[in-house]
Amino acid sequence: MTVALETRNLVKRFGGLVATDDVSIAFQKGVRYALIGPNGAGKTTLINLLTGVLRPTGGAVILEGADITGMAPHRRVQNGLARTFQINQLFPEMTPLQTVGLAVSERQGHGREWWRLAGGKREVIDEAAAILERFGLTDVMGAETKVLPYGKQRLLEIAVAIACRPRVLLLDEPAAGVPEEERHEILDIVGGLPDDVTILLIEHDMDLVFSFAQRIAVLVNGGLFMEGAAKDIAADPRVREVYLGEGGHG
Amino acid sequence: MTDIAAAAAVPQISPAADARLMLAAAARWRWWEFAVWIAALAAIVVFPRNLLLLNEIAILALFALSLDLILGFAGIVSLGHAAFFGVGAYAAGLLGKFGYGDPFLGLAAAAAVAAVLGFATSFLLLRGSDLTRLMVTLGIALMLLELANREAWLTGGADGLQGVTIGPVLGLFDFDLSGRTAYLYSLGVLFVLFLLARRIIHSPFGLSLRAVKQNPLRARAIGISVAVRLVAIYTLSAAFAGVAGALSAQTTQYVSLEVFDFIRSADVMLVLVLGGVGYLYGGIFGALIFKLMQDYLSAITPQYWQFWIGLVLVILVLAGRERIGAQLTRLFAPLLRWRRA
Ligand SMILES: Nc1ncnc2c1ncn2[C@@H]1O[C@H](COP(=O)(O)OP(=O)(O)OP(=O)(O)O)[C@@H](O)[C@H]1O
Ligand SMILES: [Mg+2]
């Protein structure tokens, strides 16, 4: 097994608060992970450290064997690491078509072309249209993102990340705020990504977690509490106590 | 417009083809755009006595267009855009003074000098809030003003740069007193640079700028280097402003320290807001409104004309362009219906 993404003794302090506490974890290539933990455990902070949105106080991040601790966020994306945000981060006055098309065109390396009309490259449009169709966004692809219903925006948030064609995909509560019956649909699309894509899913809904993840990492108070096969985690009494035992999540 | 309607009427069209049409439609010329340029050209015949004013409008429009590139399309605020106008004006003026009076040579030099200054100072704007950017741009323009004032041996200082001689455009058309050549020349340059700007904002690069403006966090998260894009557009905007300055120097055959004046930076912002930010024509409409108001109001109240411009600005910003636009649309709706029928 090869390691896709790894952290070594990662630490993030916000003043006196230790949001990430000496986390060392390796994510194997092609494995679907869930990252669970109570509110405020430091899950989002960990993703922000992995993607370069935050600089760590200490430790290292390694992507496919290369140290990327100091690498700019956009370079990490170009190196195959994409994410979604817990709170939608979209372009309010652009359409889903423009948004996904832009992500595809950037990935294909056309982003600096100023002499060509956007929409002129067939391979960009075809891929963008296919992604939009997979997410059921075709009928709204020409509407401004800000007028879309929340559920559609949430789908777009994931579609954009997938348009980056990542080898490692980090999903920060992608189903949050999505109606119960549509949640599985979202994760089915994500689960349908190629087998060699490594996925890390943050999710509070245990049904989703267990139906999606092969392995689970548990974060408590910023530290890695444990990491293991999904069924072992589910059976572990300590995990039940600190996390599952809380009786679901708010 | 009929093409979009036709596309929408065919439901079996594939999503990809549909998408292609949709993106192409965004860049298509609208009827009123043709009208704007035809009117600008027709103005030569219709207002033969006002060609000097029209020339000023064209130059101001180009200057405002350059500001629109950074403010409207990349979200960079500036209170010192006159810095680029000024170096462009001095570059072209000095060339003219020292015997290199070819107009296009002057434009190229002005664009180059302003672009270098824009590139160098863009790095100061990558970090920081809008307030930081306002102060940094303001500060740079102030420094240039003082520099031009002190180096009077070169710039003429407070007396201005005299003895600027500009050759005929394309070696054929001399600048005349009526301003006919000047206006045609400025309008031509405005049109060419406008086409370039229009091309750029509808390109993948232009789309990425809008993304950077609307959400830099997400822009980075799809692999866009925000810094590189901002440096690029700032440099281009500076070059445009430099050309505007050069046009001013060449058509008036004079450069004064006022090219760097804070008032000029503030006015161009005002012009752009008057005309509307972020759709490329704001600079043109704004310059037209601003100059006409200035011309008309200063004739009746020489001292207080700025009062009325200020009033219009305040109303526009407080009431919101959309709301005023909606009111106007409602007002003219019957007319539009009639036109379509
Ligand atoms: N930028 C910041 N500045 C200061 N404190 C922060 C910052 N970001 C996060 N924190 C704190 O770090 C801790 C971990 O926050 P984080 O958002 O990573 O938790 P989380 O596990 O994602 O929680 P949730 O399940 O609610 O999303 C919290 O106590 C939070 O208040
Ligand atoms: Mg979180």
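From the backbone N, Cα and C atoms, a Cβ is placed for every residue, glycine too.
Annotation source TrEMBL lists transmembrane segment at B:29-47 (among others).
Annotated transmembrane segment per TrEMBL: B:59-92 (among others), in sequence order. A Cβ distance under 8 Å defines the sequence-distant neighbours of the transmembrane segment (B:59-92), meaning residues of its chain 6+ beyond its ends; these are 106-107, 109-114, 117-118, 121, 125, 130, 133-142, 144-145, 148, 155, 161, 186, 189-190, 193-194, 197, 201, 206, 209-210, 212-213, 229-230, 233-234, 236-251, 255, 259-262, 264-266, 268-269, 271-272, 275, 277-280, 282-284, 286-288, 290-291.
Counting only same-chain residues 6+ beyond the ends of the transmembrane segment (B:104-126), those with a CB under 8 A from a CB of the stretch are 76, 83-85, 87-89, 91-92, 95-96, 132-133, 136-137, 140, 166, 169-170, 189, 227, 230-231, 234-243, 245-247, 249-250. Marked as transmembrane segment by TrEMBL: B:104-126 (among others).
For the transmembrane segment (B:182-201), the residues of the chain that approach it from at least six positions outside its boundaries are 37, 40-41, 43-44, 51-52, 54-55, 58-59, 61-62, 65, 69, 73, 103, 107, 169, 173, 175-176, 209-210, 236, 240, 243, 247, 250-251, 280, 284, judged by C-beta separation under 8 angstroms. Among the features that TrEMBL reports, transmembrane segment is placed at B:182-201 (among others).
Per TrEMBL, transmembrane segment is recorded for B:221-247 (among others).
According to TrEMBL, the feature transmembrane segment maps to B:268-290 (among others).
The transmembrane segment feature in TrEMBL is assigned to B:302-320 (among others).
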Go through the chain and flag residues at least 6 beyond the ends of the transmembrane segment (B:29-47) whose CB is under 8 A from any CB in it; none is fine as an answer.
1, 54, 58, 180, 183-184, 187, 191, 281, 284
